[in-house]
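Features reported for this protein in Swiss-Prot:
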type     : residues      : note
DISULFID : Cys19-Cys139  : disulfide bond
DISULFID : Cys134-Cys163 : disulfide bond
DISULFID : Cys282-Cys292 : disulfide bond
DISULFID : Cys327-Cys352 : disulfide bond
DISULFID : Cys370-Cys423 : disulfide bond
DISULFID : Cys382-Cys497 : disulfide bond
DISULFID : Cys808-Cys819 : disulfide bond
REGION   : 784-805       : region 'Fusion peptide 1'
TOPO_DOM : 14-1181       : topological domain 'Extracellular'
TOPO_DOM : 1203-1241     : topological domain 'Cytoplasmic'
TRANSMEM : 1182-1202     : transmembrane segment
Amino acid sequence: MKVLIFALLFSLAKAQEGCGIISRKPQPKMEKVSSSRRGVYYNDDIFRSDVLHLTQDYFLPFDSNLTQYFSLNIDSNKYTYFDNPILDFGDGVYFAATEKSNVIRGWIFGSSFDNTTQSAIIVNNSTHIIIRVCNFNLCKEPMYTVSKGTQQSSWVYQSAFNCTYDRVEKSFQLDTAPKTGNFKDLREYVFKNRDGFLSVYQTYTAVNLPRGFPAGFSVLRPILKLPFGINITSYRVVMTMFSQFNSNFLPESAAYYVGNLKYTTFMLSFNENGTITDAVDCSQNPLAELKCTIKNFNVSKGIYQTSNFRVTPTQEVVRFPNITNRCPFDKVFNASRFPNVYAWERTKISDCVADYTVLYNSTSFSTFKCYGVSPSKLIDLCFTSVYADTFLIRSSEVRQVAPGETGVIADYNYKLPDDFTGCVIAWNTAQQDQGQYYYRSYRKEKLKPFERDLSSDENGVYTLSTYDFYPSIPVEYQATRVVVLSFELLNAPATVCGPKLSTQLVKNQCVNFNFNGLRGTGVLTTSSKRFQSFQQFGRDTSDFTDSVRDPQTLEILDISPCSFGGVSVITPGTNASSEVAVLYQDVNCTDVPTSIHADQLTPAWRVYSTGVNVFQTQAGCLIGAEHVNASYECDIPIGAGICASYHTASVLRSTGQKSIVAYTMSLGAENSIAYANNSIAIPTNFSISVTTEVMPVSIAKTSVDCTMYICGDSLECSNLLLQYGSFCTQLNRALTGIAIEQDKNTQEVFAQVKQMYKTPAIKDFGGFNFSQILPDPSKPTKRSFIEDLLFNKVTLADAGFMKQYGECLGDISARDLICAQKFNGLTVLPPLLTDEMIAAYTAALVSGTATAGWTFGAGSALQIPFAMQMAYRFNGIGVTQNVLYENQKQIANQFNKAISQIQESLTTTSTALGKLQDVVNDNAQALNTLVKQLSSNFGAISSVLNDILSRLDKVEAEVQIDRLITGRLQSLQTYVTQQLIRAAEIRASANLAATKMSECVLGQSKRVDFCGKGYHLMSFPQAAPHGVVFLHVTYVPSQERNFTTAPAICHEGKAYFPREGVFVSNGTSWFITQRNFYSPQIITTDNTFVAGNCDVVIGIINNTVYDPLQPELDSFKEELDKYFKNHTSPDVDLGDISGINASVVNIQKEIDRLNEVAKNLNESLIDLQELGKYEQYIKWPWYVWLGFIAGLIAIVMVTILLCCMTSCCSCLKGACSCGSCCKFDEDDSEPVLKGVKLHYT
C-alpha cells in the first residue's frame, strides 16, 4: 500500500516552451513548528548604544507557529514534494530555509499573479540577482532547472511588459550541484512592504541538521529597500529541480518555513557597539510583559503592575425598529424630470429600511460626498427622517452644493448649513436633460440654509437666468442632476434604518451594542429612569451616553462600562524561577476568561484563563497560584490580606504542584515573635547585627533649554514658539524650585550631625586645684595622689579569685591561709606576700624545724602552713598563666578573623556605594543631556524643520511645526511632572533621614526595626551621592521562649497594669518582664499601677473605607472644543517621553553580604575568661611611721631655731621677741629726683 501511495506522489517536470509542468504534484503537508526566538531585525536605521529600547512595529512573535514546506526527494524518487503555493503576505513575512543544494532561488511578490497587475520578482539565476517589476505572464510552476550540476532553464515567466523597475546585481558563480548529507545552511529573511518600499532583511547561520527547524535567537540586518510602489498581498517561492539528464527533473531536499508578522511591542537590548544582543516579545507571556514594563531583563521578587484591560464583549446586541418597507430611493433618483434649482423640491423618506450600499457602490455617480457621517457607516445608522432634495445644475456648479461654499447657486438658489449632516450625490445627464432650465442669478439678500424662493423677480427686476443644456456643449456646462440627502438625527423614535437584522436583548453582560446606530460597549441593565416620548438617549453630567431606549420594546436601559482594572504579575524573581501568577484587579474570576484578547496574545497567556488554580480574592482574581488554606508570614503581599510565596520544597505545597502558592497573611510566622491565643514569645538571647540603609535626600538638578530642545536652530520654529507664551519660563521655574528643594533637603539632613561634647569633671574650687588630693569624680574607685603616697600599691592580674580573697582577708594578715579560694577545682592563693606574712610564715617554719627533734616530730606540723601557702600560691600562678595563655590565643585568632570580616565588610560597603554612585551619576548625566535628546515619537524632528519649510507652503509648514512643538511641550510637561513627583518622594525620604539622624545617630531609638533590623544600639551616618548611608548596629533575638501573658491582673476587684513591660506566667507564678528581653521580676507596687476596675470595654475603631474621589468632569464636547481651539495636534502619542534609561540601584547582594559579615563578626565575639585587676594596699611597719613622725618634728624645730637666730621672730606677730629683724630704716633712702623723696610703705 505504501509503495502505491508513494508512486502516486511521484513528481515529474517536463520541458515546455517557456515553462515547466509538474505531474502528480502532492498537496503540501503544512506541518507546524515553533519559531523559537528567531526573526528579530533592525526595524530602523538609528544607532543605539548600551540601551534597552522599546519599539512597536511588525515583528514575528516569539514561539510563533511557522508553516513548513518541502522540496523533498526520498526513497529513490518515491517520496517527493515540491511545495510552492501562493501564500498570504499580510503585514509582512518571515521566511527561513534550511538547505544544502541552493534549492531556494527567490520569490515573486504581487496580488493577482497574472498580467493584469504588476508583480515583483527577486531571483538568483546562479550568476546574477535579478530584480524586476513588470506585468508578467508567470509560469504556473515557476522554477529553475539544473542538469548535471549546471544551470539549464529559467522557467519563471514567459514574457513581461510595462516594466517600472529593473535591476541586475553584480555577477557571481553559484554552486548548483546537488549535495548529500545534512542541511548546512540556514537563511532567514524578513519582508515588509511600507509606503511603496519593499524592505528586505537577512541573516545566515551555518548549521548541521538532518531535519527540522533549529531553535535559537537570530537578528536580521537590512540588505535591500526597493521602491516597487505596487500592491503586495501574496507571494510564492521560486525553487530548483535537478536532473542528471536534460529531462525528468526531480526535487532535491530543502525546507522552508514561513510566518506572518504582527504589530506588537519588542524590547531590544543594544550593546555598546549598537548590536542587538537580546530581545523580549512583550506580549509573549506575563513575565515578558513585566520585563518590558519595568524595562529590565532581570526582575526581582514582588508584585508588579503591568497593564490595564477591559473585559472583552462576548456577544453583539443589535436593536432596530421593526421596519420592513424599503425606502423609495428609486422614485427619487429615477424621476423623469428634475426641477429647476431655484425651485428645488424636497421628498420626506420615513418608516422604511434604507439600503445605502446600492447608492454608495454605484459607478454612475460622478459625486458622492457625505458630511458629518461616513458613507460606509450609513448601513449601521438610524435616523428620525431622511429628506431628499432634488434639482438640476451645471456640472461645474456642483462644488457649490457643500457646507460653507459661496457662489450663484449657494447664495441665491440652494444653501446648505455649515453643520450639515448628509450626503450630496450628483451625476451627468446630458443625454437625458436637454433644453432650457432656470436658476436665479441675483437676489438682494442671500438665502438662508434650506430656504426656497420661488419668485421670478424682485422689485420688478427679473432675476432668473436660463441654462441651455445640449449634449454637444462642453462637459462643465452639461446638465447634472443633484440629490441632497439630509439626515435628521435622533430626537424622536427612529423611522429610517439600515438593513441590519436585530438580535436578542442581552442584559447584565459585557456586550457590543447598536441601538438605532448608537454603537458602543458596555453592560445593559434595567433602568429606573423615565424618558419623555420623544427622548431616545440619556447623558450624564460629563455628556457621556449612560442610558438608551430599546427601539423594539421601548424599555429604558442603563449603560455601564464593562469591568476594567489593572493586571499585576507576581514573580519570585527571574533568578529563582520563570513561574508567574497573574492578578486581575477588581474583577470576578467568572469574567477573566473573556478579559483576554486571544487574537492579540499567544497561547502562553491563555493558559492563565483555565485550570484549577483560580483564586477569587477581594483584590481581584488570582490565576496561576495554588491556594493554601492556612496562614503564614507574608512574603509577597498581594492585597486584601492575601500573600504569595515561592517554594521549591515546603509544607506549603506538595510534589508536582505549582511553585507559587497563595495564602492568608498572618501577624507572624513560625520562629518569629508571633501571637497565638494569649501566648507571647519573648527573646532570651541576642546577637549583634549591622544593617546598611541607603536613603536619598536629593536628586540631580536639571534645567531645560526649551528653544534648543524643541526647535534646534530653526528660526521659524523659535518665532512660532513665542506664541506659546511663558510655558518654558514656567517649566524652568518649576525645575528651579525642585533644585532649591534639594538644597534644603540636604541642609536639613546634615545639619543634624553635631559634635557631641562631654562635660569635664570639676577639679577645682575658687581657683584652687585639688585634683592631686581629691579622687577623680569620674573614677570613683581611683585613689588620690596622697593615698598613693601613703600606701604601697601592688596590681596583679586576677583570674577570678583575687577579689574574693581580698574581701576575705581585710586588714588581718593572719587570715591568709584561711581565705584560700577554689578555682577550677584547685585551691589557690594570690602570688603576693606582705612582710608580715613573710615574718609569720618564716617564724613558723623556723620554729617547726627547731622543735622537730625534741617534740618527736610534732613540731614539724608548724611547717605545714608554710608548705600549704606555697603550694596554693604556685597553683594561683599556674592558673593565671594558663588563663592568660588561652586568652592570648583566642584574642589572636578571633582578632584576625574579625579584622578580615571588617575588611570584607568595608569592601562590600564600598562596592555598594560605588554602584549607587555610578547609577546616580549616570542618571544625572542622562537628565542633564535632556536638552540634547530629540524624541522621534512625534513624526518630525528639529533637524528636518528646514526640509519641512522647503517642501510646504508657510501655512502648512507652520501646522507641521506646530504639531512638533505641541508634542514636545507635552513631553516636557510630563517630564517636569515626573520630576515634581520624584521631588515630593525625595522630600519625604529626606524628612525620614533627618528623623533617623536625630533618633538613631544622636540617640538610641526605642522603636523596634526603625533604626535597622532589631533593637537599636548605635548608628553611624556616611554621606553618599545624593543621599546618606546609615550603618545601624542592632541586636536581634536569637532565642525566644513562649510565655502565657495577660494585659492586666485583677486583684480584689482592681486592675493592675505594668508600668513598663508585660505580665508573664511560667506556669506556676506571675512575673513582670521587659518586652524585648526576658528578665523576670516580682510584681510590686513599684512596677505596676492601679487603674479602674476589672471590666473589659471593647471599642471599635472607625473602619470606613473611602472610595477614590472622582473629579467632576466637564462636558466632553466642551472639553474637545477647548482642546481643538488651543491645540492643533490633538492626536499626540507620547510613547517613551523621556528617552532616559532610569537605572535602578540594586545593592541587595552587597547588603546580604554585609548581613553575612555581621553574622560572622557576631560569631567572632571573644568569650574570654575574665581577668580582673586586683589592687592591694600594704601598710608601712611601725618603725617607718615612727621615723616619719620624728622627721616631721625635727623639721619644725629646725625652722623655729633659724627664725630666732636671725632676729626675724617679729614677723610671726610677736610670737617671740628676738629683735626687730623686720624693721626698715627710712633714712637709707636717697632721692632720685630733686625735691622728690621715695617712701616705702
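Placed from the backbone N, Cα and C atoms, the Cβ positions cover glycine too.
Feature map: annotations from Swiss-Prot on the structure.
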residue : record         : DSSP (3 states)
Cys139  : disulfide bond : strand
Cys163  : disulfide bond : strand
Cys282  : disulfide bond : coil
Cys327  : disulfide bond : coil
Cys352  : disulfide bond : strand
Cys370  : disulfide bond : strand
Cys423  : disulfide bond : strand
Cys497  : disulfide bond : strand
Cys808  : disulfide bond : helix
Cys819  : disulfide bond : coil
- Here the Cα-Cα span from Cys423 (disulfide bond) to Cys382 (disulfide bond), rounded to a whole number of angstrom, reaches 15
- With an 8 Å cut-off on Cβ-Cβ distance and a minimum sequence separation of at least 6, pull the same-chain contacts of Cys370 (disulfide bond), or say none. Leu378, Gly422, Cys423, Val424
- Query: Where the distance is taken from Cα to Cα, which of the disulfide-bonded residues Cys134, Cys163, Cys352 turns out closest to Cys282 (disulfide bond)?
  - Reply: Cys134
- Query: Of Cys19, Cys139, Cys163, Cys352, Cys819, which disulfide-bonded residues are close to Cys497 (disulfide bond), meaning a Cα within 10 Å of its Cα?
  - Reply: Cys352
- Note on the structure: Taking all protein chains shown into account, the Cβ-based neighbour count within 10 Å for Cys292 (disulfide bond) is 21
- Euclidean distance between Cα atoms of Cys163 (disulfide bond) and Cys327 (disulfide bond), Å: 49
- Message: On the three-state reduction of DSSP, what should I expect for Cys292 (disulfide bond)?
- Response: helix
- Note on the structure: Among the disulfide-bonded residues Cys19, Cys327, Cys382, Cys423, the one whose Cβ has the most other Cβ atoms within 10 Å is Cys382
- Message: With DSSP assignments reduced to helix, strand and coil, which class does Cys19 (disulfide bond) get?
- Response: strand
- Query: When a 10 Å sphere is centred on the Cβ of Cys163 (disulfide bond), how many other Cβ atoms does it contain?
  - Reply: 12
- Message: If I take the alpha carbons of Cys352 (disulfide bond) and Cys808 (disulfide bond), what is the distance between them in whole Å?
- Response: 125
- Message: At 10 angstroms around each C-beta, which of the disulfide-bonded residues Cys134, Cys139, Cys352, Cys808, Cys819 has the fewest other C-beta atoms nearby?
- Response: Cys808
- Task: Compute the C-alpha separation of Cys819 (disulfide bond) from Cys382 (disulfide bond), stating it in Å without decimals.
- Result: 118
- Return the member of Cys19, Cys139, Cys163 nearest to Cys382 (disulfide bond) in space, with distance defined Cα to Cα and candidates limited to these disulfide-bonded residues. Cys163
- Item | Within the predicted model, mean pLDDT of the topological domain 'Extracellular' (14-1181) | 74
